[in-house]
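Peer 1: The structure follows.
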Amino acid sequence: MWLAILLALCCLTSDTHGARPPDFCSKDLISSVKPGFPKTIETNNPGVLKAARHSVEKFNNCTNDIFLFKESHVSKALVQVVKGLKYMLEVKIGRTTCRKTMHHQLDNCDFQTNPALKRTLYCYSEVWVIPWLHSFEVPVLLCQ
């Protein structure tokens, strides 16, 4: 008799119909955001645009081209929390009319329109940002 009453009470107080409630410390918890996993982020996010600019600046410092390149479009962006933020970007960059010998603001540089000088590259870059140290690193930059 007591067993029947106890079972009835358990069924009445359980809103999960016998299913186990989620344990917030277990791996069974279903979530769309998992700490440490890369997450898609809007390509027009200010952090993404700043990371893309750092990628282009690294590209400009590593090439012998006489003209500066700048980003024209970010097609894909992921962000991962790892002692700061790691951005993983797919960026289209293009040659500008600004020469490296002059110190230009990239925002003021127009893209080349001369077919002989026009050049577009598609890049994958990873940019590690540590905001509290005002630090930007570009450990991965692949362009073709």
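Even glycines carry a Cβ here, placed using N, Cα and C.
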Peer 1: What range among 45-49, 80-84, 90-94 does Swiss-Prot describe as motif 'Secondary area of contact'?
Peer 2: 80-84
Peer 1: Could you identify, going by Swiss-Prot, the member of Cys98, Cys143 that forms a disulphide bond with Cys123?
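Peer 2: It is Cys143, per the disulfide annotation in Swiss-Prot.
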Peer 1: Could you tell me which of Cys62, Cys98 is bonded to Cys109 by a disulfide, according to Swiss-Prot?
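Peer 2: According to the record, the bonded cysteine is Cys98.
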Peer 1: What Cα-Cα separation, expressed in whole Å, is found between Cys123 (disulfide bond) and Cys98 (disulfide bond)?
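Peer 2: Between the alpha carbons of Cys123 (disulfide bond) and Cys98 (disulfide bond) there are 20 Å.
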Peer 1: Just jot down the residues in the same chain as Asn61 (N-linked glycosylation site), at least 6 apart in sequence, with C-beta under 8 A of its C-beta; none if empty.
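Peer 2: When sequence neighbours closer than 6 are ignored, Asn61 (N-linked glycosylation site) has nothing within Cβ distance under 8 Å.
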Peer 1: Going along the chain, which residues six or more apart from Cys98 (disulfide bond) have their CB under 8 A from its CB?
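Peer 2: Set apart from Cys98 (disulfide bond) by at least 6 residues yet with Cβ under 8 Å, we have Phe67, Leu68, His104, Leu106, Asn108, Cys109.
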Peer 1: Check Asn61 (N-linked glycosylation site) against DSSP and tell me helix, strand or coil, would you?
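Peer 2: It is helical.
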